[in-house]
Amino acid sequence: RGRMWAYAVGFTVLPHVGGFLGWFLTRKEIPAWYEKLKKPSWCPPRKVFPVVWTMLYTGMGYASYLVWTDLGGCGSKAIVPLGLYGAQLALNWAWPPLFFGARNLNM
């Protein structure tokens, strides 16, 4: 029980790693390409996205810790939900470099 806080922190921080890497890889594309796109009037300002994604990634990470804890670690009960979460997280991390890197709205 003494090291459970370390697991909670690890699970909570993990989604931010890919989010930060995606931002780092695409940070030059946002002002060079994305800002120049014609967007609808209801599109939120750019400053909102880091705040929202920080909250989302934190919530997702902590929720994955709760699933891991509730289902007894990486045993058979946790494999499917954590596997689906991991697949979703990988796709989420892959999207910014693919979208901004390709500069392709059809993606």
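Glycine is treated like the rest: Cβ placed from N, Cα and C.
Here TrEMBL flags 6-26 (among others) as transmembrane segment.
The transmembrane segment annotation in TrEMBL covers 47-67 (among others).
Long-range contacts of the transmembrane segment (79-100) within the same chain, counting only residues at least 6 positions beyond its ends with a Cβ under 8 Å from a Cβ of the stretch, are 14-15, 18-19, 21-23, 25-26, 29-30, 33-34, 60, 64, 67-68, 71, 107. Taken from TrEMBL, the feature transmembrane segment applies to 79-100 (among others).
Long-range contacts of the transmembrane segment (47-67) within its own chain (CB-CB distance under 8 A, at least 6 residues past either end) are made by residues 7-8, 10-16, 19, 23, 78, 81-82, 85, 89.
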